[in-house]
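As recorded in Swiss-Prot, the features of this protein are as follows:
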{"type": "BINDING", "residues": "THR47, ASN113, SER192", "note": "substrate binding site"}
{"type": "SITE", "residues": "TYR106", "note": "site 'Important for catalytic activity'"}
Amino acid sequence: MAAVSEVEVDGVVFPPVARPPGSGHAHFLAGAGVRGVEIAGNFIKFTAIGVYLEEGAAVPALAKKWAGKSADELAADAAFFRDVVTGDFEKFTRVTMILPLTGEQYSDKVTENCVAAWKAAGVYTDAEGAAADKFKEAFKPHSFPPGASILFTHSPPGVLTVAFSKDSSVPEGAVAAAAIENRALCEAVLDSIIGEHGVSPAAKRSIAARVSQLLKAESTGDVAAAEPAPVSA
């Protein structure tokens with residue numbers, strides 16, 4: 001696979017490769033961007049988010065359908081991001097705080113978005129409700145100052161591993177705060193970031209730009225580094 005570069009988002013550095021908690025595989029940085037909200041005419045940045053995909057598995061899987069597409073084509077196509085979310089390869093998401101958040105603030109917002117999406121799609125059951133409760137429980141005792149990180153490993157069988165870091169590193173052998181077996185939740189957490197109504201359009205643009213380069217390199221056998229994608233709000 002072609003080499004990839006690091007990405008810096010608001011002073012937060014996402015290295016080109018990570019080995020996430022709960023995984024035996026290296027993951028490459030697919031893209032990164034801010035998550036923010038418009039408040040009284042000002043764009044307030046809350047978190048920097050990096051999305052990593054399993055080396056040796058993600059690019060060949062995505063190439064079957066998306067090889068030859070430009071960055072703009074990928075960025076505009078909800079089906080591309082759906083394939084990233086549901087693809088048969090591991091994903092790893094690192095959420096690093098720009099502003100402080102409590103665990104309850106973060107997990108309440110994520111589960112609220114997930115439950116709303118499930119109910120709208122008619123797929124909400126007691127199993128999803130129980131998974132959302134486990135997710136909130138894992139976050140309850142934690143608070144996240146600027147620079148602290150939340151680490152999600154999304155496995156193809158549908159296990160969401162949750163871990164925490166006091167900084168932007170991914171600690172070797174990090175102990176998971178929770179491993180939640182629920183495919184809907186495992187996919188929904190990532191979908192809430194890069195899906196059709198994802199909270200980080202900047203991360204989506206970055207992923208589209210970088211993955212289109214990697215797909216091009218895969219098809220031509222080129223090993224040049226993926227171009228660093230501009231990451232703006």
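Numbers run from 1 along the shown chain.
Cβ coordinates come from backbone N, Cα and C, glycine included.
What Swiss-Prot annotates, mapped onto the structure for a quick look.
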residue: THR47; record: substrate binding site; DSSP class: strand
residue: TYR106; record: site 'Important for catalytic activity'; DSSP class: helix
residue: ASN113; record: substrate binding site; DSSP class: helix
residue: SER192; record: substrate binding site; DSSP class: helix
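Farthest C-alpha pair in the substrate-binding residues THR47, ASN113, SER192: 17 Å apart.
A straight line from the CA of TYR106 (site 'Important for catalytic activity') to the CA of ASN113 (substrate binding site) spans 11 Å. When the binding-site residues THR47, ASN113, SER192 are scored by other C-beta atoms within 10 Å, THR47 scores highest. For the recorded substrate site, residues THR47, ASN113, SER192 set the reference point as the centre of their Cβ atoms, and the other residues of that chain within 8 Å of it by Cβ are ARG35, LYS109, VAL110, VAL189, ILE193, GLY198, VAL199, SER200. In the shown protein chains, 20 other C-beta atoms lie within 10 A of the C-beta of TYR106 (site 'Important for catalytic activity').
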